[in-house]
Amino acid sequence: MTDNSQVKVIVGMSGGVDSSVSAYLLQQQGYLVEGLFMKNWEEDDTDQYCAAAQDLEDAQSVCDKLGIPLHTINFAAEYWDNVFEHFLAEYKAGRTPNPDIMCNKEIKFKAFLEFAAEDLGADYIATGHYVRRREVDGHVQLLRGLDNNKDQSYFLYAIGEKQIAKSLFPVGELEKPEVRRIAEQQDLITHNKKDSTGICFIGERKFTDFLQEYLPAQPGDIVTPTGEVIGQHQGLMYHTLGQRKGLGIGGLQNSNENPWYVVGKDMDNNRLLVAQGADHPALFSYGLIAKQCDWVDRTPKKSTFRCTVKTRYRQQDIPCTVTPLDDDTLKVIFDTAQAAVTPGQSAVFYNDEVCLGGAIIEEHLQK
């Protein structure tokens, strides 16, 4: 058996069950384990402040139970500069970004990794992400988590193999119910804590209220494919492709009963484009153009290849053909047309269980 007693691992403790069990499992494997709680957002709201304080308290309780120290660090400035500013700029441009992906790339596997190595003397960091890693021929691959329902490789595609080589993912080999069972067996306070939802810095607040604090909304027309104005939107940034609820345009005269869907944004004229029916052609794309490629092996792709792609989290894999247009731009053609391919979101590529990397969707291709 490997002697890990001199191998120091700093676990990112969020105050949730996954990171709690990660710390416990690493301890069982003989590692020298310490915890680190990251504060990435300066709360300005009482409910948010209370939630963050509760998370820290829960992380401390778990570390006390395991008999390990808990360090704390404030990355709010780095988060604002590298994640939040980008998030706002994308919304302003009419796209729908994914801040969790940026947070993993810039904070958890960059700022945290550097701090753990340089200031705390870590050999590895660990997180509660549902992914796995595998070493093959001197390379480190990122693999989907074993629990299909919880696999988080979609959110980690932008991390390079150097970072993955320095990271451990203990719960990636387990299914979620097993993780909760271990936490309960070990009497960890987080065993029945519900999974956090929503974007880390918004918490449980209403998204529209949050955005309005930072970006002034500009109301405009809601328009059909024939150019008919059928309503008013409160701001393009509040809407995303494929959205059906919250449009406020039900029960129109001369229209059938089919629901309306957002099919596009006309940024120049501040108009929201909608069409009726889940099978309306305007909702579907045969492919996409993506930029800002991040390959796990950090090697730009030079020739056309086959793989599968996800254009959003929890989506079924779509077989596709990928053609690099240059080192930072890809053209992706799906085997079957896909609904609601959304600029700003990420296209993430897979070869079976291996996550190859991904890129940001720039535009969807329509016939």
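Cβ from N, Cα, C; glycine included.
Annotated in Swiss-Prot:
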- C103: active site, nucleophile (ACT_SITE)
- C200: active site, cysteine persulfide intermediate (ACT_SITE)
- G12, M13, S14, G15, G16, V17, D18, S19, M38, G128: ATP binding site (BINDING)
- C103-C200: disulfide bond (DISULFID)
- H129: site 'Interaction with tRNA' (SITE)
- Q345: site 'Interaction with tRNA' (SITE)
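Structure with Swiss-Prot features highlighted.
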{"residue": "G12", "record": "ATP binding site", "CB count, 10 Å": "25"}
{"residue": "S14", "record": "ATP binding site", "CB count, 10 Å": "23"}
{"residue": "G16", "record": "ATP binding site", "CB count, 10 Å": "20"}
{"residue": "D18", "record": "ATP binding site", "CB count, 10 Å": "24"}
{"residue": "M38", "record": "ATP binding site", "CB count, 10 Å": "24"}
{"residue": "C103", "record": "active site, nucleophile", "CB count, 10 Å": "25"}
{"residue": "H129", "record": "site 'Interaction with tRNA'", "CB count, 10 Å": "26"}
{"residue": "Q345", "record": "site 'Interaction with tRNA'", "CB count, 10 Å": "26"}
Closest of G12, M38, C103, Q345 to H129 (site 'Interaction with tRNA'), Cα positions, recorded positions only: G12
Pairwise Cα distance for M38 (ATP binding site)/C103 (active site, nucleophile) [Å, integer]: 12
Of the recorded positions listed as G12, S14, C103, the one whose CA lies nearest the CA of Q345 (site 'Interaction with tRNA'): C103
Inter-residue Cα distance where the pair is G16 (ATP binding site) and the residue listed as 'active site, nucleophile', in Å: 17
